[in-house]
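Here's the feature list from TrEMBL:
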| type | residues | note |
| --- | --- | --- |
| REPEAT | A:51-83 | repeat 'WD' |
| DOMAIN | A:105-181 | domain 'Anaphase-promoting complex subunit 4-like WD40' |
| REPEAT | A:140-181 | repeat 'WD' |
Amino acid sequence: MSVANVFQIVKCPITCHSFNKNRSEVAICPNTNEIHIYKNKGGKWELDSVLKEHDKLITSIDWAPETDRIVSCSQDRNAYVWKRVGNGWEPTLVILRINRAATVVKWSPQENKFAVGTGAKNVAVCYYDERNNWWRSIHINKLRSTVLSLDWHPDNLHLAVGTADSKVRVFSTISDEAITSNKKIKSADTLISENKVGGWVHGVAFSPSGNVVAYIGHDSSLSFLYRDTSEVVTVKSKDLPYLSLLFTDERHVITIGYDCCPILFEETSPKNWKNMGKLDQGEKKEEVVSNAFNKFRQMDTRGQENNDDSSLPTTHQNTINDIRMYAGTRDNVTSFTTSGLDGKIVVWEFDLATALSKLKI
Amino acid sequence: MSANRKLNVDIDEDFEEEVEADVGVDNLAKYNSLCDDVKSNILKGDLSSAIKRAVSEAFISKKAPQDIRERCISTVIEAMCAVKTLEIPTIVKQLTNDELDILMKFVYVGMASPEVYNSSILITWHEKIVNVAGLGCIVRVLTDRNTV
């Protein structure tokens with residue numbers, strides 16, 4: 001496991017990030033109401049364009065790789081789809097019809113629709129209405145609390161939703177035929193399953209095959225729901241709670257969160273998940289040779305008694321809040337990126353065999 | 001201030017938790033026998049078994065009347081206080097992670113009323129439990145809606 005590149009892009013927290021298809025551009029939100037797009041110029045990231053349309057903090061950005069469109073949502077209760085026009089970007093407003101913040105947004109695998117989680121206790125599933133040339137939404141209303149996370153099933157139809165009332169639910173949404181047929185869609189909220197967790201559900205993800213839903217609770221737990229038997233396997237961890245997760249293949253999951261470090265989980269035998277350890281071991285800080293000597297040296301050089309080096313041994317210096325695939329395929333991730341409150345975007349090389357052998361030592 | 005800030009957000013119906021509010025008779029019997037078992041183990045001097053029995057069932061205060069709650073908490077903390085400081089790590093190691101989560105709840109509820117319970121002993125338990133179960137154990141106590 002090695003860190004490939006660390007980019008200190010901004011000096012403030014990054015609330016979310018998303019790369020384009022060939023990874024030459026990245027869209028981030030530097031904890032404001034603007035989206036910054038950075039371009040890779042010879043290994044350096046330079047600010048290319050600033051997208052201003054939202055009034056309040058942007059909560060989530062998702063860049064559709066194939067159709068090259070960005071969708072963003074914000075606490076100002078709006079979502080925009082950004083299309084590339086010439087050198088710039090042009091927004092299209094999405095009719096969300098909500099009275100609370102939009103919290104999370106994600107394109108479906110086919111990129112013909114996207115889902116917006118909201119604080120108004122619903123999920124808006126949005127699809128393009130060609131006749132009127134805008135994005136229309138239909139609500140999933142069977143929720144009782146703010147949506148914190150969601151993920152699409154690879155079949156482009158089912159949606160997993162994690163909420164602040166400690167529940168994770170799976171819905172089936174609008175079929176593609178319904179969108180193309182141009183008929184009025186009446187409802188999209190068929191509840192498939194509902195499971196309880198011991199806290200807010202910060203992250204949810206389908207496995208590459210779509211047969212397993214993994215989700216994270218604020219009680220430092222990681223749970224797996226199996227489609228065939230509706231069985232739930234929960235791993236309660238010793239660490240601080242996780243915030244997001246990524247399946248690197250059917251049997252491996254990487255979680256990130258308040259511990260400032262990615263953690264690997266493996267399905268060692270069917271339906272038996274195990275915490276394999278931290279992928280960022282970090283370098284041990286230099287041992288203090290002589291306390292008295294150091295103390296006087298500190299007092300001499302800095303005029304203070306305590307060593308104020310508060311940096312962490314991990315690559316990220318603060319909570320990590322976003323993890324995304326960078327290279328490889330959905331069922332064989334070879335590289336992933338993380339961004340966090342320290343303003344860094346880190347690209348991690350991930351080779352399963354080396355990672356596991358290092359962790360076993 | 002924008003218009004949405006003027007909305008009365010509390011006007012929405014309150015979020016209701018799903019709790020079985022009624023105190024079942026079997027629950028009462030269960031919690032009473034729990035107290036009795038722990039007490040008799042303390043009297044026998046078998047503190048390891050006393051602690052084990054104390055965390056063998058998840059005590060949930062919402063499902064028990066106040067007097068039973070008081071009795072349960074005081075009995076479990078009595079058992080914890082009876083253990084010698086040096087023996088705490090040995091007992092903690094014998095418990096599973098789920099049992100440690102339950103024990104940690106009692107530590108917190110005990111520390112909430114320092115005038116009744118000995119906080120210095122409880123903080124020692126706290127330290128030893130965190131050594132084994134990690135910070136996740138604390139987070140679970142703080143997030144769990146089924147409080148002791």
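Keep in mind that glycine also has a Cβ here, set from the backbone N, Cα and C atoms.
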What residues elsewhere in the chain lie close to the repeat 'WD' (A:140-181), defined as a C-beta under 8 angstroms and at least 6 residues from its ends?
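Long-range Cβ neighbours of the repeat 'WD' (A:140-181): 100, 103-104, 106-110, 112-113, 115, 117-119, 121-125, 127-128, 188-206, 208-210, 213, 215-217, 223, 225, 244, 330.
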Counting only residues 6 or more past its boundaries, what in the same chain has a CB within less than 8 Å of a CB in the repeat 'WD' (A:51-83)?
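Here the qualifying positions are 15-21, 27-29, 31-37, 89-94, 96, 98-107, 111, 114, 116, 118, 124, 126, 135.
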So what's the mean pLDDT when you look at the domain 'Anaphase-promoting complex subunit 4-like WD40' (A:105-181)?
90
